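Peer 1: TrEMBL lists 13-145, 150-288 with the feature domain 'MARVEL'. Sequence annotations record features per position, and here TrEMBL assigns transmembrane segment to 14-37, 49-67, 87-107, 119-135, 147-172, 184-206, 221-242, 263-282.
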Amino acid sequence: QSGRAMGTLNLRALTSWVGIARLLAVLLSCLSFSLVASTGHFEAPYGTWCMFTWCFCFAVTLLVLLLELLELYPLLPLSWDDFTSAFSMLAALMVFTSSVVFPATFISGPCSSSRCARQAVATTSSCLCFLAYALEVSLTRAKPGDISSFLSTVPGLLKVFEAYVACLIFSLLDMGEYKRESGLMWCVAVYSLCFIFTLLIIIFTIGRCLTYIPCSLEKVLVGYNVLALLMYLTAMVLWPLYSFRGRSRPDSCGTNCPWNKNLGVTFLTIFNLIAYLVDLVYSTRMVFFRAP
């Protein structure tokens with residue numbers, strides 16, 4: 001019987017709407033990095049990041065499809081639904097970022113050369129890949145009241161968003177800039193602490209470790225969201241206050257200009273503040289206003 005089970009293929013892994021979305025994501029991410037690789041023009045950190053994103057998403061999504069097709073995922077010591085929900089959300093965010101960063105960095109002026117045409121097609125393919133991952137997130141999102149898979153709920157998906165935005169903030173930080181002011185150092189501490197705790201929540205959820213916590217986890221998460229929201233609120237005030245105080249934008253401010261990076265951190269701080277606010281609202285409704 002075990003031999004027959006091992007020989008059975010779960011074709012629904014490929015024919016369901018979620019499976020079709022994953023197949024599209026595999027094909028489109030492969031097309032994106034193949035076209036960009038053929039141009040030989042993806043140097044510098046931004047190009048490397050985009051290539052890593054497409055290759056990483058292609059490899060992991062293909063692995064997910066194979067594990068579901070062969071029905072091997074129950075053998076893994078993790079919560080499969082939480083893992084796939086978290087990954088699809090992360091992949092959507094990464095591919096969206098690459099779809100914006102790549103054309104902004106590598107496509108400029110009239111697009112007449114063969115290389116530019118391939119870059120344009122790669123960008124279009126990347127945008128469609130983002131839509132495929134967004135469709136997967138939508139299809140796998142938990143129904144209201146269902147918390148069996150935490151990372152597929154709105155608060156769970158927001159946890160992935162919050163951690164990813166924090167990573168973007170870290171990529172823009174300049175040690176020489178924030179070490180000059182204690183207020184900026186507090187903001188970096190806020191970003192770091194919230195990122196660490198959010199990442200631990202994601203890892204423990206996927207690893208099925210949260211059940212061992214000897215307290216009401218849902219209420220702890222609400223308390224954490226309140227604390228994170230208050231900390232980000234201070235960062236939203238202090239970061240622009242200390243970053244731009246007495247400093248106007250330089251005339252020659254390029255991609256790596258500290259002023260532009262500080263502005264990017266300011267907007268990302270606001271995005272995460274809003275995310276933690278929405279997270280708190282949904283978490284509070286799930287814990288205190290659950291339907292009988």
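Glycine residues also receive a Cβ, built from the backbone N, Cα and C atoms like all the rest.
Unlike curated entries, TrEMBL annotations are predicted automatically.
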Peer 1: Take the domain 'MARVEL' (150-288) and average the pLDDT across it for me.
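Peer 2: Mean model confidence (pLDDT) across the domain 'MARVEL' (150-288) is 87.
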Peer 1: Does the chain bring the transmembrane segment (49-67) near the transmembrane segment (221-242), so that three or more CB pairs sit under 8 Å (pairs 6 or more apart in sequence)?
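Peer 2: The transmembrane segment (221-242) and the transmembrane segment (49-67): touching, no.
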Peer 1: I'm a bit unsure how to read this: which one of 87-107, 119-135, 147-172, 221-242, 263-282 has the highest number of Cβ pairs shorter than 8 Å with the transmembrane segment (14-37)?
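Peer 2: The stretch with the most contacts is 119-135.
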Peer 1: What stretch of 119-135, 147-172, 221-242, 263-282 shows the most Cβ pairs under 8 Å to the transmembrane segment (87-107)?
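Peer 2: Answer is 119-135, with the largest number of Cβ pairs below 8 Å.
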